[in-house]
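Taken verbatim from Swiss-Prot:
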BINDING   Arg22, Glu79, Lys119, Lys453  (6S)-5-formyl-5,6,7,8-tetrahydrofolate binding site
BINDING   225-230, 244-250, 269-272, 334-337  GTP binding site
BINDING   Asn225, Thr244, Ile246, Thr249  K(+) binding site
BINDING   Ser229, Thr250  Mg(2+) binding site
DOMAIN    215-376  domain 'TrmE-type G'
Amino acid sequence: MTTDTIVAQATAPGRGGVGIIRVSGPQAAQVALEVTGKTLKARYAEYLPFKAQDGSELDQGIALFFPNPHSFTGEDVLELQGHGGPVVMDMLIKRILTISGVRPARPGEFSERAFLNDKMDLTQAEAIADLIDASSEEAAKSALQSLQGQFSKRIHTLVESLIHLRIYVEAAIDFPEEEIDFLADGKVAGDLQAIIDNLDAVRKEANQGAIMREGMKVVIAGRPNAGKSSLLNALSGKDSAIVTDIAGTTRDVLREHIHIDGMPLHIIDTAGLRDASDEVEKIGIERAWDEIRQADRVLFMVDGTTTDATDPKEIWPDFIDRLPEQIGITVIRNKADQTQESLGICHVSQPTLIRLSAKTGQGVDALRNHLKECMGFSGNSEGGFMARRRHLDALQRAAEHLLIGQEQLEGYMAGEILAEELRIAQQHLNEITGEFSSDDLLGRIFSSFCIGK
């Protein structure tokens, strides 16, 4: 339970029609009394003067008091809504700080107190910052879903399933004299597989949510002179890369951060992949592969004037064999202005094929729409939940321990090891919602918030 009271401006710094000062803690009611000159009625908006220590008026506006526990932080909360000039806001905060027991809030401290007082879990607290920082309607929808608890519900469902399975497994361990072999009756294996399948579905949606938040990493790869740099320029809308007819012009990695309808993408142009004798080009090609291995999606560039093939395994089997399985691939047949091919997307099973001309820009809009779809943009959906890198890491660790437990069950009927792996997996899932989190982790998360949130 906190004993100090915090204050900060809740609205963005700068000039505005309205500025809001937020106060939270046991001294909030005293602050209201000293600044407004009266005891405020709970959850009732009153238009009042805001007074300095000598009784002179600093400003006038709306005062709202929310007694605990029915407030954002779960503590007594006061909001003063005055004129939004920076001087006025600063004068009000300085006035409030003259009252004993009040100090300036740290970044994210209001949300941190809401979390510590069980007003929201950790994913919901993080969703507040994500909603504020959303760069597209789709990202805002996803952040709102997390704020409303959609992500948390999925995690809680997994945790509940793990708890029930742990009870069953540990009962089998504790009561070995029972005639029924609980570990071999099929229920444990079936329930464990159902949890793994459910976790895989959550991981897939969380990965989509992380892309929505952090942006999708798209690597343009292919042989020299396929038009990779021209495509980077076409997508970024500027001449980021040097374009010539000389194969191997690009020898290093080029990056551009762009937005498509507000959705962030990190576009990376790489050196043409081939067996190079030049030492500098070799380094560039190895860097290209480093980027490819970390990509969310690879745009496989093909010079349409050199082949009629559309299957990347036929065009370049060595490249496909070396490409990690989890990375999505889109085949780009470039130079359609010369081959006179029909432009746009052609879904020939998988991967997706797009015909375009990077030089003229024809067909590039089809690629932009395709990339939006890959990021989860639908235009009319409610949006999935938002996720962060730490969520993905925790989900992955949980999945790894479940798979270890499954191997021990299937191979050795090792109930004790399975029970321990289930416990560790549950612990990793609890880290996501904050039911098990170190103080250091909480400090890092909330320090990234705005002051006043």
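A Cβ is built for glycine as well, from the same backbone N, Cα and C atoms used for every other residue.
Projection of Swiss-Prot feature records onto the structure.
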residue: Glu79; record: (6S)-5-formyl-5,6,7,8-tetrahydrofolate binding site; contacts (Cβ under 8 Å, 6+ apart): Ala10, Ile20, Ile21, Arg22, Val23, Ile62, Ala63, Leu64, Phe66
residue: Lys119; record: (6S)-5-formyl-5,6,7,8-tetrahydrofolate binding site; contacts (Cβ under 8 Å, 6+ apart): Phe72, Thr73, Gly74
residue: Lys335; record: GTP binding site; contacts (Cβ under 8 Å, 6+ apart): Gly227, Asp303, Gly304, Thr305, Ser357, Ala358, Lys359
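With the fewest other C-beta atoms within 10 Å around its C-beta, Asn225 stands out among the binding-site residues Asn225, Ser229. When the binding-site residues Arg22, Lys228 are scored by other C-beta atoms within 10 Å, Lys228 scores highest. The two recorded residues Ala271 (GTP binding site) and Ser229 (Mg(2+) binding site) have their Cα atoms spaced 9 Å from each other. In the three-state DSSP reading, Ala271 (GTP binding site) counts as coil. Packing around Ala271 (GTP binding site) is summarised by its Cβ count: 27 other Cβ atoms lie within 10 angstroms of its Cβ, all protein chains included. Reduced to three states, the DSSP call for Lys335 (GTP binding site) is coil.
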